[in-house]
Amino acid sequence: MSMLCYTLIIAFLIGIWAAPKSEDNVPLGSPATSDLSDTSCAQTHEGLKTSRNTDQRHPAPKKAEDQELGSAANIIVNPKLFQKRRFQSPRALFSTQPPPLSRDEQSVEFLDNEDALNRNIRAKRENHPVHNRGEHSVCDSISVWVTNKTKATDIKGNMVTVMVDVNLNNEVYKQYFFETKCRNPNPNLLQSECRGIDSRLWNSYCTRTQTFVKALTMEGNQASWRFIRIDTACVCVIIRKTDNL
């Protein structure tokens with residue numbers, strides 16, 4: 001009788017030890033084409049190791065530039081990594097399809113609550129335009145989706161490798177960045193003067209400004225989220241001429 005009890009206890013302990021843990025049964029969230037899930041995760045480690053998706057059946061010689069670019073592409077990413085994504089920006093996007101461009105193919109309009117409330121006002125202005133005045137920006141700019149960013153400067157000032165393509169649940173997602181740059185009307189000049197500035201008193205030029213967005217980067221064989229710099233605006237810099245002081 002005692003042997004039977006011992007046998008049942010041992011079988012029960014073996015069954016508990018062999019049961020799958022809850023961490024192994026975490027459901028894999030399927031991201032949408034416009035963006036990926038931003039669910040917070042209880043785990044606090046910074047990055048998950050990833051494996052490179054290489055095709056050994058048809059090896060081909062690669063140049064040094066191709067090897068450097070390959071470190072930021074064709075990466076299989078664990079979906080749990082996107083559960084820790086925070087501080088999302090509309091200027092950083094993961095998608096399987098190119099983001100939509102505006103009608104002039106130069107800018108994208110992001111509507112917030114204030115813009116939605118002012119749509120009727122803008123429509124009235126378009127229906128009743130004022131012909132005796134011109135509305136121009138101080139500096140000309142162009143906004144585009146950047147699809148091939150492989151290098152960037154992080155928040156610590158270090159150069160990091162940005163992942164171009166990621167393989168998530170057997171589907172390839174591309175990392176897009178919406179950047180605004182200065183558009184120089186005169187290609188012969190490195191910097192253009194600002195519009196509407198009195199050149200008799202001021203020296204002026206247009207320059208880009210940058211901000212930080214959260215991006216998926218690679219460091220060795222580890223993928224993690226980092227803040228990187230991207231161009232977000234074109235502003236005017238004015239300097240008073242010294243001979244007028």
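Just so it is clear, glycine is given a Cβ too, placed from its N, Cα and C backbone atoms.
Cys236 is paired in Swiss-Prot with Cys194, the candidate among Cys182, Cys194 named as its disulfide partner. Proximity of Cys194 (disulfide bond) to non-local residues of its own chain (separation of 6 or more, Cβ distance below 8 Å) is seen for Val138, Cys139, Ser204, Tyr205, Cys206, Cys236, Val237, Ile238, given in sequence order.
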